[in-house]
Amino acid sequence: MNNTIYILGAGSIGSLLAYELASLKSINNRVILLLRDKSRVNSFKDKNSTLKIDRLFEENVPHLCCQVTASEPSQLNVQSIENMIVTTKAGQTENALSKYLPYLSKNSNILFVQNGMGAVENVCGKLWPEEQNKPSIYQGVISHGCFQTAPFHFSHAGLGDLKISKVPKNPKKILPDEAAETPCEMIKSLGKSELLRLRYMNYPELLVNQCEKLVINACINPTTATLDCVNGELYNDESAKELFRCIIKECVDIFFKCIPLFKNNEEAEKILNVNRLLDRVMFVGTKVNGANSSSTRQDCLLLRETEIDAINGYVVKLAENNGFQATVNKTMMLLTKSRLGLNRCRAHAR
């Protein structure tokens with residue numbers, strides 16, 4: 001059995017997970033970063049194959065460094081991949097993952113840890129249309145704040161947690177034996193990192209937490225991107241708080257109208273309460289992660305495509321697919337796209 005853990009996506013979250021895993025004695029050198037191409041691998045080697053992490057929530061801590069092996073599709077010399085963590089942007093997942101299809105089988109375990117919702121269902125449906133060939137799929141929801149400050153150098157700005165569940169074959173009809181399944185060894189390895197603070201849960205519980213995270217992102221990401229600010233600058237802003245309430249109210253309304261698992265679900269009603277969520281956005285989003293620059297803001301600053309279609313755009317699409325409208329979230333989505341377009345025009349005009 002090959003227990004190597006391959007991490008597809010070397011952005012802030014992928015690199016944070018790679019660092020935490022590679023730092024475990026039980027893992028040793030069994031972590032491999034899967035990068036885009038040879039030039040990206042060579043760039044990493046020029047940095048001595050080292051990931052650097054700064055923990056902004058800890059005082060007087062020097063750069064944390066860890067060497068990790070990197071590879072890319074044409075350099076991979078293995079027969080199979082049994083354990084993979086996917087942290088690519090939602091819109092890039094299908095293309096990135098398809099390059100590794102020859103190495104993945106029904107015996108593989110794949111954990112998706114990404115912003116937004118909807119990408120996993122879409123990608124798995126396209127890449128594995130036949131259920132019997134599909135790998136075991138796990139979904140992760142992470143609340144750690146992390147952003148890139150230089151190539152392969154990241155700031156861990158907010159201490160959060162990592163929630164994981166195995167995705168059932170039919171999420172709308174979960175069998176009792178699926179709900180009771182124990183996690184695979186890859187998930188257990190993540191649990192050995194004290195800093196990641198992993199919680200393993202059943203799928204309905206994770207779905208509620210996934211929606212909670214989506215709401216936080218739907219507030220913080222487009223607002224910080226459009227206003228070009230770090231999270232903490234919104235902490236005492238009453239106008240931002242009023243805007244967040246409008247976003248949250250619409251998200252919650254759409255979730256309960258459109259997600260069957262939330263019907264008569266006391267946990268969902270408790271977690272996805274508008275006032276509670278507003279408190280969470282202000283606490284987790286603007287205080288705990290106050291020093292963080294959201295991924296969407298970073299993308300806009302670096303003129304890269306954002307994940308806004310999988311965040312506010314997911315709420316818009318969920319609403320429209322069920323005959324409703326999500327005008328507040330659509331406005332935030334369009335403002336973010338306009339911000340990116342404006343930044344690109346300004347950069348081109350220089």
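Using N, Cα and C of the backbone, Cβ positions are placed for all residues, glycine too.
Annotated features in Swiss-Prot:
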type	residues	note
ACT_SITE	Lys213	active site, proton donor
BINDING	Gly9, Ala10, Gly11, Ser12, Ile13, Gly14, Asn115, Glu307	NADP(+) binding site
BINDING	Asn115, Asn217, Asn221, Ser295	substrate binding site
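Projection of Swiss-Prot feature records onto the structure.
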{"residue": "Gly9", "record": "NADP(+) binding site", "contacts (Cβ under 8 Å, 6+ apart)": "Leu34, Val86, Thr87, Thr88, Lys89, Ala96"}
{"residue": "Ala10", "record": "NADP(+) binding site", "contacts (Cβ under 8 Å, 6+ apart)": "Ala18, Leu33, Leu34, Leu35, Arg40, Phe44, Ala70, Phe152"}
{"residue": "Ser12", "record": "NADP(+) binding site", "contacts (Cβ under 8 Å, 6+ apart)": "Cys146, Phe147, Gln148, Phe154, Ser295"}
{"residue": "Ile13", "record": "NADP(+) binding site", "contacts (Cβ under 8 Å, 6+ apart)": "Thr87, Val113, Gln114, Ile142, His144, Cys146"}
{"residue": "Gly14", "record": "NADP(+) binding site", "contacts (Cβ under 8 Å, 6+ apart)": "Ile7, Leu8, Leu33, Ile85, Thr87, Thr88, Val113"}
{"residue": "Asn115", "record": "NADP(+) binding site", "contacts (Cβ under 8 Å, 6+ apart)": "Lys89, Ala90, Asn217, Asn221, Ser295, Glu307, Ala310, Ile311"}
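The two recorded residues, Lys213 (active site, proton donor) and Gly11 (NADP(+) binding site), have Cα atoms 19 Å apart.
Cβ neighbour count for Asn221 (substrate binding site) (all protein chains, 10 Å cutoff from its Cβ): 27. In terms of local Cβ density within 10 Å, Asn217 ranks first among the recorded positions Lys213, Asn217.
Each residue in Gly116, Ile220, Ser294, Thr296, Glu307, Ile311 lies on the same chain as Asn115, Asn217, Asn221, Ser295 and has a C-beta within 8 Å of the C-beta centroid of that substrate site, without being one of the site residues. The Cβ of Gly11 (NADP(+) binding site) has Thr87, Thr88, Lys89, Gln148, Ser295 as same-chain neighbours under 8 Å, each 6 or more residues away in sequence. The 10 Å shell around the Cβ of Ser295 (substrate binding site) contains 26 further Cβ atoms across the protein chains shown.
Pairwise Cα distances among Gly9, Ala10, Gly11, Ser12, Ile13, Gly14, Asn115, Glu307, which the record gives as the binders of NADP(+), peak at 16 Å.
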